[in-house]
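**Q** Sharing a structure below in structure tokens format, with a few things to ask.
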């Protein structure tokens, strides 16, 4: 092995850090938009599939840890699963090429698109989840004993790299998605949004492989998780077999494994179980936290995003704040709290993090209430909306049943809301409230015309609705012999109907005769109002997630760091499943009420966790392990006691068994 150093760090560590950036640069920031506006899922289904995918990404680390520890080793596991990960992203990119997956050119993806996208997401979940528990541990393996300080710094840098890759993703992928691409029709460029991260992953994998000769590669030593499961299983089975009152009780139910397993292993499992018990309330935090990529993203699509890059995707704020707040917390806030004489223990930090996340959802609910005030009122299920177009040159008076007469001026469009269902209607889809605008042209001229972006429109016919970017847009109208340029400003998240009247005259002032109506007004509540909720959720993440990882590591036995890491990631998966349950079962109509529900649940869980934390006693795993190693290896009396316990257990006559059990 080559242990060349740069500034005290192994040279190999820089290849691993670059690999980390490649792994985390995934198009997660546009995934829910892909479900909603490309696959045409509704909000609840898009949210459900998004959180199912995230949950799978945090379940597969268990599989990755088992493969790495007991079979392939960390290095080969990272390589093989990185290939799976890259293939998954390529499949997702192919699924988003509408020229391939929309064979009938009706604008709706074929069933093949759904199949490909689900296969791609499954491969990505398998790849990224399997890599998660290996990259950090493999990086830690590169340090020698004299580099303990550098190893500690590496884990902080590793966490920052994860968020750096996330920041890169949330900036690049929405920009790529915003491009128009396609051969037969122009649509949002999801293939580019998924394809570029796939290419970056391939580059990262190549760089990682180039550094192969520099790595310290530990051989698989057997999976401690399997030993833990066997020990726990034997303890449960043995306790069930001897559930009769004739058998003496033991200090802890894990002590029933002593007949087959070492006391040291049992003591280590007790420490792990003690921490895992504290994990029980934690999924509720992730239930709220991971909605910043689903519900909060959908919330942003109903807001005015006209400023800088924040309009591309609001979650850009989160990684920026992470990169800023982590060093501020470590170097300023925590030392300041300590100087004030406050004992801000890890569990207290995590409690504060939960509370901040709950307050973030209260802020989201307040934002949603303001958004709802700006949304258009659509007809109820027993009503509809009638759009009347006067393509002539004189005003018309129209009288409908149960309605007063009204006048439609020449070459204008009029809307009647809440008229009796059954009248022929034409109205835009509610999708008009998303990040782009919807537009339709109606041709009232005697002959067909061709409009750029929309194609040919026959006499007395309308084009299909098309999505356009906000801001000023220019369209070219032509009948083959004449051309007219029409320009107009389009608001963010709006829908328009433009009428080319029958008395349209070609010439320099031709655009003045084109009239239109705003079917849906532009989004007016600014996306910047989401910044407070992102600030609160990020502060909660810093004091909860980073502290939780540190706490789990410090309280874990030396050979079970991976066990608790897998347990920590498992809480994230459970949290995402809770979102699925609420989204599919609760069916809360008002989004602000759903946000309040989640906030209330987390506050309740926060109280429960604070009580559990109050009664928790911090441990020193190294000291406990040393005590058991001394007892098992040097004290003859302990050996004789163990033999006597086993003999008495077999004979069923040991009445002093309870007093002889070793204590942690």
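Glycine is no exception: its Cβ is also placed from the backbone N, Cα and C atoms.
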**Q** Check each of the ranges 12-37, 220-245 against TrEMBL and return the one annotated as transmembrane segment.
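**A** TrEMBL lists transmembrane segment for residues 12-37.
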**Q** Grab the same-chain neighbours of the transmembrane segment (595-616) for me: Cβ-Cβ under 8 Å, and only residues 6 or more beyond its ends, written as numbers and ranges.
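**A** Contacts of the transmembrane segment (595-616) (Cβ under 8 Å, skipping residues fewer than 6 from its ends): 274, 277-278, 281-282, 284-285, 287-288, 291, 295, 345, 347-348, 350-351, 354-355, 357-359, 361-362, 364-365, 368, 582, 586, 588.
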**Q** Suppose I define contact as three or more CB-CB distances under 8 A, residues 6 or more apart in sequence; do the transmembrane segment (562-583) and the transmembrane segment (79-100) meet it?
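**A** Between the transmembrane segment (79-100) and the transmembrane segment (562-583), which are separate recorded stretches, there is no contact, as judged by 3 or more close Cβ pairs.
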**Q** Count the Cβ pairs between the transmembrane segment (49-72) and the transmembrane segment (112-131) that lie under 8 angstroms and are 6 or more residues apart in sequence, then report whether there are at least 3.
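**A** Yes; at least 3 Cβ pairs under 8 Å.
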**Q** What else in the chain is close to the transmembrane segment (112-131), if you only count residues 6 or more beyond its ends and a Cβ gap under 8 Å?
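**A** Beyond its ends, the transmembrane segment (112-131) has Cβ neighbours at 23, 26, 34, 38-39, 49, 53, 56-61, 63-64, 67, 77-78, 81-92, 94-96, 101-102, 194.
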**Q** If contact means at least 3 Cβ pairs within less than 8 Å, sequence distance 6 or more, would you call the transmembrane segment (192-215) and the transmembrane segment (79-100) in contact?
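**A** Yes, the transmembrane segment (192-215) and the transmembrane segment (79-100) are in contact.
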**Q** Going through 271-289, 317-337, 349-371 one by one, which has the most CB pairs that fall under 8 Å from the transmembrane segment (152-172)?
**A** 317-337
